[in-house]
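Residues or ranges marked as signal peptide in Swiss-Prot (evidence: experimental evidence): 1-33. For Cys48, Cys51, His52, Met83, the entry in Swiss-Prot reads heme c binding site.
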Amino acid sequence: MTFPFSGAAVKRMLVTGVVLPFGLLVAAGQAQADSQWGSGKNLYDKVCGHCHKPEVGVGPVLEGRGLPEAYIKDIVRNGFRAMPAFPASYVDDESLTQVAEYLSSLPAPAAQP
């Protein structure tokens, strides 16, 4: 009995069926590791916004202030007044970079009469 596929066909099937999916899985895992919160908006909505959204009125409004990334990282890591510190195990540095970029892209909230 002969095997119906040539050596080249077997290699192509192996690459397509085994190697390629494994590579995609590894790449997806790396992308997940790059930022544990996925995006700056997601982090802001799920963590920061509970105190810092304009309509909440607990912490200072961050939107449209143009706060430097280094300032945001320092406050988040060390805390300040009523704001607790958040360790890197909870909010990674890449996520802080993304939230700083997100906040700088937002306009300042409209002044209240």
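Backbone N, Cα and C define each Cβ position, glycine as well.
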Applying the rule Cβ within 8 Å of the centroid of the Cβ atoms of Cys48, Cys51, His52, Met83, what extra residues of the same chain belong around the heme c site?
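Result: Val47, Gly49, His50, Val58, Gly59, Pro60, Leu62.
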Can you check which residue among the binding-site residues Cys48, Cys51, Met83 has the largest number of Cβ atoms within 10 Å of its own?
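Per the Cβ count within 10 Å, the most buried is Cys48.
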